[in-house]
Structures are given as structure tokens and as C-alpha cells.
């Protein structure tokens, strides 16, 4: 019984005290307006949990900064979108996370909304793999 209690307490401690913000594989849809279709590519991005809290009573003197699992470092990769017209720009550059951390969401480079369209959203009806 003590082993079960220890395991339970250890899991609770791990969930509360330790962040699990890490690199994960995702599939994103890239689209080009001149090509009129999307392609799916695999990349890495940050996902997981970060310690955060939302105060019941807001104090203007104390900033309430929510942390989120976001990239610490990233690189950019470029792919050629096949099947585009010759006059169209057939190259697409996308970010690839190389290191993650729990930090403030930077709205200059990241979609910080509560619920976005998702990485696999395509505005065209045709999706090519």
C-alpha cells in the first residue's frame, strides 16, 4: 500500500513541479494562393504543460503573466511546393522548433489565441500529401 501511495504522490509532484514542455512532431498544411492547393509536411514544434495560475483578484501592481509552452530556438526550412505554375513562387519557408521552454507568448511571432485554426487547416478544398 505504501508503494501505491508513493507512486501517487510522485506522479502528483511530477505534474505540479515539473514542466513537460518538449519538442513534438506535428503535421502542418502549407498553401500557396497561386497554386490553389495545400500539401502536408512534417515538422517539430513545442507542446506540453507549463505551470500557470490565474488570480481571482486582479492586482494592478502585480503583473499576471501566463506562461505557455513555446519555442526557445528555431530554424527555418524551405520546401518547394510541387505542381505550381511556373510564374508562381513555388517555395515555402516554415519554422522548425529546435528547443522549447515555458515562457511568455510572443505575439509578434506566435499565434497566442486560445483556439486557433490548427496547423493542418487548409483554405482550399484540395489537399495533396
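Glycine too: its Cβ is placed from the backbone N, Cα and C atoms.
According to Swiss-Prot:
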type     : residues : note
SIGNAL   : 1-20     : signal peptide
DISULFID : 21-69    : disulfide bond
CARBOHYD : 25       : N-linked glycosylation site
DISULFID : 35-84    : disulfide bond
DISULFID : 38-122   : disulfide bond
CARBOHYD : 42       : N-linked glycosylation site
DISULFID : 46-100   : disulfide bond
DISULFID : 50-102   : disulfide bond
DISULFID : 105-112  : disulfide bond
Proximal but sequence-remote residues of the same chain as residue 105 (disulfide bond) (Cβ under 8 Å, at least 6 apart): 66, 68, 70, 112
CB contacts for residue 46 (disulfide bond) [other CB atoms within 10 A, all chains]: 24
Top Cα neighbour of residue 46 (disulfide bond) in the set of recorded positions 25, 35, 69: 69
Candidate nearest residue 25 (N-linked glycosylation site) in space, where candidates are the recorded positions 35, 38, 42, 100 and distance is Cα-Cα: 42
Cα-Cα distance linking residue 21 (disulfide bond) and residue 38 (disulfide bond), given in Å to the nearest integer: 29
Least Cβ-crowded entry, counting other Cβ within 10 Å, from the disulfide-bonded residues listed as 38, 102: 102
Packing count at residue 84 (disulfide bond) (other Cβ atoms within 10 Å of its Cβ): 17
Using Cα positions only, nearest of the recorded positions to residue 35 (disulfide bond) (21, 42, 50, 69, 102): 42
Cα-to-Cα gap, residue 21 (disulfide bond) vs residue 84 (disulfide bond), nearest whole Å: 37
Count of other CB atoms lying within 10 Å of the CB belonging to residue 35 (disulfide bond): 21
Rounded distance in angstrom between the Cα atoms of residue 102 (disulfide bond) and residue 84 (disulfide bond): 39
